[in-house]
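Visitor: This is the structure, below, for whatever I ask next.
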Amino acid sequence: MGVDRLDPGSPPWEGGGWPGHGTLKGMTTIAVLGAGKIGEALLSGLVQAGHDPEELLFTERSAERASELVKRYGVVEADVAGAATRADVLVVAVKPQDIEPLLDELAPVVDRRTLVVSLCAGLPTSLFERRLAEGTPVVRVMPNTPMVVGAAMSAISAGRHATDEHLALVERLLSSVGRVARVPEAQQDAVTALSGSGPAYFFYLVEAMIDAGILLGIPRALATELIIQSAVGAATMLAESGEHPVTLREAVTSPAGTTIMAIRELERHGVRAAMLAAIEAARDRSEELGRAHQDD
Ligand SMILES: NC(=O)C1=CN([C@@H]2O[C@H](COP(=O)(O)OP(=O)(O)OC[C@H]3O[C@@H](n4cnc5c(N)ncnc54)[C@H](O)[C@@H]3O)[C@@H](O)[C@H]2O)C=CC1
Ligand SMILES: O=C(O)[C@@H]1CCC=N1
C-alpha cells in the first residue's frame with residue numbers, strides 16, 4: 001500500500017524535525033480530519049503561532065463549515081485522499097462515534113510514512129493500528145479548547161509504532177498552542193476527564209457564580225465582569241505563584257469572615273464529593289467510548 005507524496009523527502013521527524021516553539025512556519029504539512037470545535041481550535045492556534053495556512057489542510061463533512069474556515073483562516077480544504085497525499089501529519093478530530101467511516105476512508109491511503117495523531121476521546125491507538133497499514137505510527141492526544149488562545153493543556157501518548165521522534169514532533173506542534181505532558185496511554189481516559197473536559201467544569205462554575213450575583217441583585221454585566229476577572233486572577237495566581245491551591249484559598253479565608261461561611265455551604269452541599277463523582281463519571285465514559293470499538 002503506497003502513497004505518492006507531492007514531496008517525497010524525509011518526514012519532519014527525521015533529520016532534525018522542527019526547530020521548536022514559535023518557529024513553525026513552513027516546516028511541515030498538517031491535515032486536520034474533521035474541523036469542528038477542537039479541529040478549528042487547533043487550526044486557529046497553529047495559524048496564530050505562525051504556521052503557514054497553506055500548509056494546513058482540513059477535511060470537513062459540512063460544506064458550509066468548510067467555506068467558513070477557509071474564509072476565516074486561509075487554510076486549505078481537501079478530501080481524505082488529498083490530505084493523506086500531501087500531509088506529513090494527519091490529525092483525526094471527528095467524534096469517536098464517527099470514527100468508523102473515516103477509518104474506512106483512511107485505510108487505503110495511509111501508510112507508515114504518515115504520522116496519525118488522534119484527538120478522539122476514548123479511542124485507543126490500537127484501534128488505528130489495527131485498521132491502518134501495518135507499522136503506521138499513531139500518537140493519541142487529549143487536548144482542550146483553550147488551544148484557541150494558546151493556552152491548551154495537551155497530554156500525549158505513543159502507540160506501538162510511534163517513536164520518540166514522533167512524540168517530539170507532536171510535542172513541538174502542540175507546544176505552540178499551549179502546554180504538553182507525556183502520559184502513559186493507560187492514563188488517557190483519566191486525563192480526558194480532568195483536562196479534556198476540564199474547561200467545561202470551570203465554565204459551569206463561572207456560570208453558577210454569575211447566577212449567584214443575579215440572586216444578590218447585581219446587574220448581569222457587572223456580575224460577569226466580577227466573576228470572570230476573579231477567575232482570571234485566581235488562575236494566574238495558581239499558574240504563577242507556585243503555591244498550593246489550599247494555601248491560596250486559606251489566604252482568602254479570614255477567621256469568622258465571609259469566605260468560611262461560603263465554604264461551609266460548599267461542604268454541606270457536597271461540592272467536593274460531586275467533583276470527584278463527576279470526574280470519575282467522565283473517565284468511565286471515555287473508557288466506554290473506547291470499548292465500543294474493541295472488537296471490530
Ligand atoms: N470539544 C472539546 O473540548 C474536545 C474534543 N475532543 C475530541 O475531539 C473530537 C472532535 O470533537 P469536537 O470538535 O468537539 O466535535 P465537533 O462535532 O465539533 O467536530 C467534529 C467535526 O467532524 C466533522 N466530521 C465528522 N465526520 C467526518 C468525516 N468523515 N470527514 C470529515 N469531517 C467529518 C463534523 O462535520 C464536525 O464538524 C472528538 O473525538 C472529541 O472527543 C478532545 C478534546 C477536547
Ligand atoms: O465531551 C467530550 O466527549 C469531549 C472530550 C473531552 C472534551 N470534550
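Including glycine, each Cβ sits where the backbone N, Cα and C put it.
Bear in mind that TrEMBL entries carry predicted annotations, made automatically and left uncurated.
Copying in the features that TrEMBL gives for the protein in this structure:
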REGION    1-21  region 'Disordered'
DOMAIN    29-122  domain 'Pyrroline-5-carboxylate reductase catalytic N-terminal'
BINDING   Ala93, Val94, Lys95, Pro96  NADP(+) binding site
DOMAIN    185-289  domain 'Pyrroline-5-carboxylate reductase dimerisation'
Visitor: Are there residues of the same chain, six or more positions away from Ala93 (NADP(+) binding site), whose CB falls under 8 angstroms from its CB, and which are they?
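Guide: Val32, Leu33, Gly34, Ala35, Gly36, Ile38, Gly39, Leu42, Leu119, Cys120 - these are the non-local Cβ neighbours of Ala93 (NADP(+) binding site), listed in sequence order.
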Visitor: May I ask you to report the DSSP-based helix, strand or coil state of Val94 (NADP(+) binding site)?
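Guide: The residue in question, Val94 (NADP(+) binding site), is coil (DSSP, three-state).
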Visitor: Which residue counts does DSSP yield for the domain 'Pyrroline-5-carboxylate reductase catalytic N-terminal' (29-122) in the helix, strand and coil classes, in that order?
Guide: 44 helix, 18 strand, 32 coil
Visitor: So what sits near Val94 (NADP(+) binding site) in its own chain, CB-to-CB under 8 Å and at least six residues off in sequence?
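Guide: Long-range Cβ contacts: Leu33, Gly34, Gly36, Leu102, Cys120.
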